[in-house]
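Annotated features, as they stand in TrEMBL:
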SIGNAL    1-32  signal peptide
TRANSMEM  308-327  transmembrane segment
DOMAIN    309-410  domain 'ABC3 transporter permease C-terminal'
TRANSMEM  348-374  transmembrane segment
TRANSMEM  394-412  transmembrane segment
TRANSMEM  433-455  transmembrane segment
TRANSMEM  461-483  transmembrane segment
TRANSMEM  518-536  transmembrane segment
TRANSMEM  871-896  transmembrane segment
TRANSMEM  928-952  transmembrane segment
TRANSMEM  972-992  transmembrane segment
Amino acid sequence: MIALILNMVWARRGPAVVLAVLAAFAVAPAVAAPAYLRAADRVVAAGQVAGAGRAEREVSIRATDRDHRDGAGGSTSPIDLSTIGAGLVDLPGFRYAYSAEFPAVGLETDNRYRTRLVHRQDVCAHLVMVTGRCLLGEGDLVLGEQTAERLKVRAGQSVSLTYAYYDSAPESLEYVPDGTPKRFFVAGTYRVPDQGEAYWGAHGYFAPEESAAGSRPGEPAFTAQTTLTLMDRGNVEIGVDGYAGPGALDVDRLPALRDALARLQAGLTDLGAGTDGAPLQLTTEIPRLMARIDEGHTTARRIVPVPAIALVVLACLAILLAVAAGAEARRPETAVIALRGARRSHRWWLATGESLVAVLAGTVVGALAGQVLVDAVVAVRWPGVGADPHPASLKYAPIAAAAAILAVLVAQGAPLLRPVSELLRRAPAPGRWAGITVDLLIAALAAGAVAQLALGGGDLAGVGPAAPALVMLALSLLVARALRPLAARLGHRALRRGRLGPGLTGLLLSRRAATGRVFALLVTAVAVSSYLVAAADVAARGRRVEADLGVGADRVLSVGSISRNQLLAAVREIDPEKRFAMAAVVVGQHPGEPPLLAVDTSRLAAVANRPGGADPDTIAAALLPGAPEPVEAPGGRNLTLELTATGFAPGRRVSMEAVLTPKDGHGPDVVAVLGVLDPGRNTYEYPAERCAGGCRLNALHISGANTLGVHGVITVHGLGSADPVRWRASEGGRLSAAPDGLRIEVTNLDGVPEGLLIQPVDTPWPMPVVATGTFVPGSVTGLDYRRVPVTIAGRLPAIPRLGAPGLLVDLEYADRVSTDGEPTTTGQVWLSRQAPPDVLDRLAAHGVEVTGDLRAAQISARLGRQGPAVALGYAVLVAVLVALLAAGVLVLTAAAGRDRQAEDLSALRVQGLSRSAVRRAALWAHPLLVAAAVPAGLVIALVGWAATGWALPLSGLNPPPLPLPSWPGPGSLLLVAVALAVLLGGTALLTGRRTLREVP
């Protein structure tokens, strides 16, 4: 029996090879899906690590070693992280540095400044000595280059330092000595070659230091650990900083890193017990990195099964169709075997053995091909990551193979169960009820899968991943039900009109029982390919939106602390033509409030990426209505105000400050402290060098120093208009016109801790904003953290960088109504693609320090290696394989029916049918199926997308608040339709030409 079956396979080796290929199509995705997921895990992890921030590559343990002098720290022993910390932090591949520091005085001439005395392990390897040498022994000290120059200290000198603590009392605000002075030998002065090096951790050693006396560069004084230990000192801040070394965050090492981090977190409690009760603080963003990697893995596991199941189902249907077509062609052979009295078991083996051998061979090939295909895709798309082949990828192969074998048995069972008389008929009667039952069963499964998606909130569990394939298959079977009656009707109509070629084509299609099944498979294949391409298109367009609109512009620079007006002026000076640069500030809001973005609106059209349908001219007109001219502060570089104070009781006088903004933007705002106002008319002056080119008055700040019952009248002489309509007063005061100035009545400052604010009306009021969604006009938090009333001047689907909900306001107007005079730490410079290469140098020349550089292209590349994008690579691959599978089915079904069709056409040819009519009947039968299947499949793909596409996490598990596309673009669908029409139509024509060659 085995030899006979093998001979049968060899005799019909062509169909056997095609059937083996179809079986490989069924098994390959079952192997490729888990193999691709393993590879996707590595790709996602590598992508996240490549885009990880500095904090996501570091770990830090901090603690405070309490003052142990005279038993002040209690009975417990000091913390010694220099020895036990490194033993606790065993993260593989990480490097560590121990640090200890405390403030000291004695080097600076002003105790409002501290000397930051620091020991850092191996510090000399990360310093460049400008003069002298680095640390060698106890008592050595190295100073920063700028500090030494400012204090006139040279290498070789001795200095004294004393431990100090900061006294935050309002009357003090300085560092107080608290220990015995210690002599240090200044061994040398240093320069730091790379202040952003991971070695320095997150201590901010070199950040500018602010104090009541002003700002200065940050440069610690470094010394040895022994020196700190021997010094008379109080509390010491100690820590161990770990940072990833080369290869520490490689994909293969992440599981070990995850385990080590868990052990570290568990061990902190034990380490902290018995150490003064001071908690040990672990600071790291590595768990955040791991969470993003896990999210990418979860997303990929929700997407990849959808195309994999679709391909397996289609492959099994193709096997069913191919085997059924072969069995139908061999009905006379089956009848002869039955007539000769063969036992039923032998009949089953003879009928199914040939197909089973081909399927088993295809199973082995498919198992190997699935892994090889994944290896090739990963090597081409993500070189260097590796697919990590593993035997676990084969776990679903037996299930797919069993499904293929079941399809063979079902397909062969129908002829074997028919009586011999039925097998001998040339055109057997179709079995309708069995087909209708199967169609109803598939439709019920599809409905159940869609219902599960809807009730489960889009959770792709259970039969959820099969929902798209089931929906499209059910709809395809429904459409295929109408094909044979329609083909018969059109064929008869063509014959009545004397069109023999089309008439014969229609009758050939209507008389074949396999026509409906072939058409259903073609429609399903077109629908599945279109659906998967649609998913990839929606995701790709969503990534573009996330990169372009999420970043806000082609390039966004974060800048250091700077005044808003200075930022505006610097950007306007480097780009006077408004072509490539725009200043922006993200304004912090209270929890629950929509975020606010302030921008230089006049440049929004040229620089920012806007959502679809947004007209930049309309936005600019909405945010920049006309406003009065600002009020200029009198006196230039020496602010001079003439004020009259009356009606203030003794001990209840008020003080005044003037908040000024340099008109040229060359410097920060000026807070001119005029002091306590004396009774009567007086002239108050304040030196304001930054106002040499003129200053704009932002506000007059009147304060009662927290004294109750403060009231009186202040008259401002010669400052802008005296018309009270041109001024605005906050709570606690009223404005009116005086004969020689502006009259300010201080009514009551009780319960007004921020004092009374008088501002010129030089902006629209309420402030116009552009909002998203259904934001109701009210108030927002301004740049100075005060509430600012706003009115809705326009709406957008999303605000660049913020998304929705969000608000957009003009930066210059927002700065004019602010009263703090403080620099902003959230300033940005947005750049378009027209920005010149030296834009950073231009900004630096105007005093703008760039601290970050984010590009839309970087975000796009990063998104391309996250879970959805990586998983959809598999979907596109499956779309191609589905198209090839459909072409293979056309070839196989045409080959199975070729002999019968050639006999029919040859007989008609003998009876006088013209060669042209035979040509049309032979060539156009299958191309007509393709021509009908492509548009039907596209429509079904769109219906399937509407029913299930919303459940695919194409933008991750937590999509950004941006207007992401939800439907595919017409271009992608048109492209896939043309490609499928060319592939399937060309295949159908080639099969028809081969049939035609067998007709004389």
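Placed from the backbone N, Cα and C atoms, the Cβ positions cover glycine too.
Within the chain, the transmembrane segment (871-896) has long-range Cβ neighbours (under 8 A, six or more residues past its boundaries) at 14-15, 18-19, 21-22, 25, 28-29, 32-33, 36, 40, 299-300, 302-304, 306-308, 310-311, 314-315, 318, 321-322, 325-326, 328-329, 373, 377, 381, 514, 518, 521-522, 525-526, 528-529, 532-533, 535-536, 539, 926, 930, 954, 976, 979-980, 983-984, 987-988, 991-992, 994-995. When Cβ-Cβ distances below 8 Å are used as the criterion, the transmembrane segment (928-952) is approached by residues 302-303, 306, 450, 453, 458-460, 464, 467-468, 471-472, 475-476, 479, 483, 505, 509, 515, 518-519, 522-531, 534-535, 538, 890, 966-968, 973, 977, 980-981, 984-985, 988 of the same chain, each at least six residues removed from its ends. In the predicted model, the domain 'ABC3 transporter permease C-terminal' (309-410) has a mean pLDDT of 76.
Nonlocal intrachain contacts for the transmembrane segment (461-483), taken as residues 6+ away from its ends with a CB within less than 8 angstroms of a stretch CB, comprise 302, 305-306, 308-310, 313-314, 317, 438-439, 442-443, 445-446, 448-450, 452-453, 509, 515-517, 519-521, 523-524, 527-528, 531, 932, 936-937, 940-941, 943-944, 947-949, 951.
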